[in-house]
Every structure is written in structure tokens, then in C-alpha cells.
Amino acid sequence: MAGCAARVPPGSEARLSLATFLLGASVLALPLLTRAGLQGRTGLALYVAGLNALLLLLYRPPRYQIAIRACFLGFVFGCGVLLSFSQSSWNHFGWYVCSLSLFHYSEYLVTAVNNPKSLSLDSFLLNHSLEYTVAALSSWIEFTLENIFWPELKQITWLSAAGLLMVIFGECLRKVAMFTAGSNFNHVVQSEKSDTHTLVTSGVYAWCRHPSYVGWFYWSIGTQVMLCNPICGVVYALTVWRFFRDRTEEEEISLIHFFGEEYLDYKKRVPTGLPFIKGVKVGL
């Protein structure tokens, strides 16, 4: 799949993905169709069918592979906005849906702009891992069950708002970190140093060694605070903490190999930014 994106003319991926993301987000116009006489489900089905037909008409592989993913995420974002403004107990879930779709789309867009050489369909992170998928499904199931049997729990607006602020903070920090790192940022931990790889210690990297992980850490926990999911909130916190503990150690082994004393000095001066995580231990 990574090879598909490579055959798209360089520089066009960002424009293509943005155009089709906005196309999918035009589902926001669906209420106008229902006012015109179409029933909600009928209008939605016709809209989805129309989107698919348009994408098939306009694009061929590999551009279609990018377009369908970006359009899907735009569609999910639009549905999230509609749900957010609905008069139901699911409006906070709409916030979550918007946050989730924006996270995945922005990962691709920023990579396309910032480091196109590393860009692939995997940059959407839609197939991140089985564990990631299970975690997401678990949070949806918990929200649904608690919304049915304990609906008042899902209407603690101040708590959901606090979770939304955590999500916004985490998302912004991660994207700033990606832009600051530039071509040095990669979704995959590198085992070999490229000729252009440099150690970034400025900007947000002067505050913490792993700002992109810090952002993702608080974003992940914030989604569950937003949903008022007590069970997944605790499980997410423990799971992502352990994941980033192992991930920082794995990455720092490579960074020490790449940059030697330069990274060791940086490591002494600047914390990881993640709570109770110090990174790989270096023997004296």
C-alpha cells in the first residue's frame, strides 16, 4: 500500500486529500435534503452512493486510494458535527467522532506537507494496530452501554469539556512537534540514520524530548474523559503509559546510536515530558 502513494505526483497528495476530506464533510448539508422531503436514512444512503460514484468517476488508483480514505474521514467528521449539535445524549460522542477523524486525517496531511518522502497510505494511521482498534471499539461499547443504563453519566458537561480541552492540547502539541521536526519526523522508529537526519532540540523539543508522544498521550486519555468512560479512562491511561514507556526506550536506543554524546547530553538536560517515564537507562 505504501507504494501506491509513491506513484502520485509529488506535492499533490496534500491537495488531493484536503479536497476529498472537504467533499466528505459536505454531509453537513444533509439536513437540507431532509427538509426538501427526503427521509433521513434515504437521504444519507443516496448521499453516500453519490460520493462513491463521484470518487470512482474522478480518480483512478493510486489517487483513488488516497481520496476514498480522506473522503471517509471527512464524512465521519461531518457526521460528528451533526451529532454534536443534536438534541440527544449522544452529542458528546459527536465531539469524540470529530476529534478522532481530525486526528487521523491531520496525521496524513501534516506528513504530506512536512515529510512527503515518508508519506504512504499508512500515514492515515487507520490500520495502526489490532490493539488500537480493540481499544477504540471498547470505548464505543462502554459509551453505548452506559448511555443506555446510566445516561446521566454521559451528561456531565464540565467533564466532557475538560476532556475536549485535553484532546485539543494533545492534538496541537503533536502537530507542532511534527512541524518542528520536519523531515526528521517519521511514524516508524528508524533503525538506520539517513543522511538528512539531524537531532532537533529547538522549539517544543527544548521543553521535552518526545513532544509528539506527550501530545498523543494526553489526546488518548482526553478522548475517554470527553466520553465520561470511567473504565476505558483508567485502562487507556495505563495502556498508553506502558506503550510510550516502551516506545521511548526503543526510540532512544536508536537516537543514542545515531547521535552518541550529543543525544546523551540532550537527554540529561531535557525530560521526556511523559509522567514517570525517563527513557532508556544508560549504563555508566
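These residue numbers are counts, starting from 1, taken along the chain as shown.
Heads up, the Cβ atoms here are built off N, Cα and C, so glycines get one too.
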Same membrane side for I66 and A181 per Swiss-Prot: yes
Per Swiss-Prot, member of E146, E152, E251 binding S-adenosyl-L-methionine alongside Q190, H197, T198, L199, V200, Y205, H210, P211, S212, Y213: E251
H210, R247 as binding-site residues, winner by CB count within 10 A: H210
Cβ packing number for E251 (S-adenosyl-L-methionine binding site), 10 Å threshold: 18
Distance, H210 (S-adenosyl-L-methionine binding site) to R247 (substrate binding site) (CA atoms, angstrom): 10
Stretch with greatest number of CB pairs under 8 Å, the transmembrane segment (93-112) reference, 132-149, 213-228, 230-244 candidates: 213-228
Among the ranges 42-59, 70-87, 132-149, the one whose Cβ pairs under 8 Å to the transmembrane segment (230-244) are most numerous: 132-149
